[in-house]
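What TrEMBL says about this one:
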DOMAIN    A:57-237  domain 'ABC transmembrane type-1'
TRANSMEM  A:12-36  transmembrane segment
TRANSMEM  A:56-80  transmembrane segment
TRANSMEM  A:92-113  transmembrane segment
TRANSMEM  A:119-136  transmembrane segment
TRANSMEM  A:218-240  transmembrane segment
Amino acid sequence: MKQRLRSGVPVLVFVLLLALLWEAATAWLSIPHYIIPQLSDVLMSMWDNRQLLGKHFMITLGESLLGLSISVVFGTLAAVCIEGSSLARKTIYPLIIASQTIPIIALSPIMVMWFGYEIWSKVAVVILFTFFPIAVNTSDGFRTADSGIGEVMRSMGARRRDLFLKWKIPSALPGFFTGLKMAATISVGGATLGEWLGGEAGLGMYTKRASSMLRGDAVFSGVLLLSLMGILLFLAALWLEKAALSRRSS
Amino acid sequence: MSMAITPSGDKRPLALSVEGLTYAFNESMPLFANLSFTIREGEFVSLLAPSGIGKTTLFRLLAGLLTPQGGSIRLGAEKVEPSGAAHRRQSGRIGYMPQRDSLMPWRSVLDNAALGLELSGIPRREARRRVRELLPTFGLEGTEEKRPHELSGGMRQRVSFLRSVLGGGELLLLDEPFSALDAMTRISMQEWLLQIWEQHRKTILFITHDIDEALLLSDRVLVAEASPVSIMKELAVALPRPRTYQTVLDDSFVLLKRQALGLLGKEAARQEGASR
């Protein structure tokens, strides 16, 4: 633990240096506040609006988590279907892979059209973003399960259920967590986009509105908080992965 | 306790009998054509063949993982059915040890070894107790809670072997279990297997392409020469037991090895000479 804390020191120092550089450069080079506001102004604006920002933060976080949870359920189910039925493998799987070439952002307005300006349109956009990484990576996890283990189990008279529970599921966990980490990171982006397209609350809406008013300090405080949210969700997924796979080899 | 094995005079019941086995992945290249052989209870038989002849496929057929296109495979009195069948084979199962250890990386040594017991419905506690009892014999004392990645290659193969022994079957199929190990580990594993087998006398069919290994371990060596395999030549290994690795230096061993090379044909003999 101590070792790990110490290994984090260089990057923290570097971030601090960058922050100082930001603060100093904006002051010395007299960059307009609507291009890059001074860091101290951003932090001050953040502090002044802490209650409002807190409220918007929780709304965006809620949308991200809700969408993410639904994607976990349906993405995993899709992966199980693909694994369990060769028909699904021949029909659903290629479609899922092909759908990754579609610019998902382009589909987002449809979600707004269908689900309106309530929370569900944002959740739908989050699902659009997060379903595929979870479904595809979990499915790959199933597919790359060590076939030798399956053969040993079959030679011992294992039933389909045994094979699935004792071999396939544990084998797919690393893939699932890879997908979850990817999904956690981009879920915030999905929620933000959903709010841009039509939202009355959330940090995405906040930054968009601030941007149209050329309020650099407010835009940057929103962006910093959204970044923080992405990092936190990723770390949470990472922590879950560590807890679940702690005793396996990497 | 020396024991000469003469298959014709052996009155032990059959553990495995293969009759007229035919199998091909595609029809133009059959792997086995009308192949027949038997193994008696308590026998250690090696199948010696050059690579690419379908040894692993044969094992998968015997393990019920593949369905033969012709002929029958009997374990004891029971016919092997492919395990994909809806009903579960209650008996006549075999202990299959694959080439790679194929241990579950998420399970401890204890739970890996207990897999077969667990699958046959024995409660986890009881299964673990039985594994614990055998750990010292298998040289795995103190590794109960270790994960496979924390063990050496040789240790992993021991766990894999223990798993197949506890798999419930009377017949053990070992598919080149030591081929991935370095030479020194391999020798110590061969000696270890000799020692364990001489104590327990399980029926073993052992696949290898290593002549020394086949002769050192077995009562009888079956030699498959060319594809498709229809007749296997047989070499009785009447070396006294218990054997150790020193046995390979005996004159009688060298004599047997010459015979084995002859059975494999000149082509194989030259290959063997080049690889040594």
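Cβ coordinates are placed from backbone N, Cα and C, and glycine is handled just like the others.
Put simply, of A:12-36, A:92-113, A:119-136, A:218-240, the stretch with the most CB pairs closer than 8 A to the transmembrane segment (A:56-80) is A:119-136.
Taking Cβ pairs closer than 8 Å, the transmembrane segment (A:12-36) reaches residues 214-217, 220 in its own chain, all 6 or more past its ends. Proximity of distant same-chain residues to the transmembrane segment (A:92-113), defined by a Cβ-Cβ separation under 8 Å and at least 6 residues beyond the stretch ends, is recorded for 78, 81-82, 121, 124-125, 128-129, 132, 135-136, 139, 193-194, 197-198.
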